[in-house]
Amino acid sequence: MNKYKMAELVLPMPFPLSISKASRMRNQALILLCIVVFGVIGTCHGGSLRKKYYKKTCPNAEEIIKTATEKHVANDPTLPARFLRMHFHDCFVRGCDGSVLLNSTTNNSAEKDAIPNLTLAGFDVIDDIKAEVEKKCPNVVSCADVLALAARDAVSFKFQRPLWEVLTGRRDGRVSRVSEALANLPSPFSNFTTLVRNFANQGLNVHDLVVLSGGHTIGVGHCNAFSNRLYNFTGRGDQDPSLNPTYAAFLKTQCRNLTDKTTFVPMDPGSVFTFDNNYYVTVKQNKGLFQSDAALLTNKGSRNIVNELVDPKKFFTEFAQSMKRMGAINVLTGNEGEIRKKCFVAN
């Protein structure tokens, strides 16, 4: 069995295209406006999400989730990539409402069964973490919040500090459709224009696209998500000329043909379990695994951001901000949706 298991992460708010001083000043001004006018930043980026939402109803909720998540991650280093990808796929379809966790029924095919989601893994672990919360606080904490917090805590495990802030107060959605997953999830085959449109549909922009693509620094990619770049890029049995030739030769030793759907390789060679900014170094060397990775170099603005994120400090700062924005996409709050007792089935 492949030692990397199945932890594929395919990612891949109007903000400027570069991380400039003017950009930071505008962002800070917007945040200040949110706080002054609404009292909580979540109101601007996601309804009434706020810090320590469960302070009165389940005071230890976040600690319970953190402890349970870390216990699982200690035994399975693939979980950070799995949870990060799952959270991303949840938020890009109907918002961050836990709909990706729902099972299909006799009358409905759920997001989970869409082709891009067939390689998602770790649902059973999310169910276990939710069960731990239910023991202490039944029917209080949403599955959407459990997933958002578990993704953060899993990626942060090796750092022993939270890498980004997760506001809470999400409610769970009751609807999950395979067709919506197919329509909204970015594809590893996408060009730059398509990726920008996918992200814009979620209120995110080029800056967030490039930053969140950095999640590809952990996890693996399946051969069928990029083998066309090796064997049939334009339909003539050719190789993608933008792919580093040495890297392409290595990939061909792993992925023998276009029909291989089971083999997988690290998305960021040498960094499969290490969350860092090495992804951008790899992309600059034309070693981005997917066409969507290579696409980041085809636009001047996104290329400038790639160059800036080679700085580790900038990457971690910007990743935290983009994750916070992504985690607030079209959230259900207040009396919307529900609180599921079991994440895989609606009440």
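Backbone N, Cα and C define each Cβ position, glycine as well.
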Bond partner of C143 - disulfide, per TrEMBL - picked from C255, C343: C343
Closest of H89, C96, D268 to E111 (Ca(2+) 1 binding site), Cα positions, recorded positions only: H89
Candidates H89, D90, D268, D276 (recorded positions) with Cα within 10 Å of C96 (disulfide bond): H89, D90
Cβ-based neighbourhood (8 Å from the centroid) of the Ca(2+) 1 site, residues D90, V93, G95, D97, S99, E111 excluded: H89, C91, F92, R94, C96, G98, V100, G173, S176
Integer Cα-Cα distance in angstrom, D268 (Ca(2+) 2 binding site) to C137 (disulfide bond): 39
Listed disulfide-bonded residues (C91, C255), ranked by Cβ neighbours within 10 Å, top entry: C91
Winner by Cβ contact number (other Cβ atoms within 10 Å) across the binding-site residues D90, D276: D90
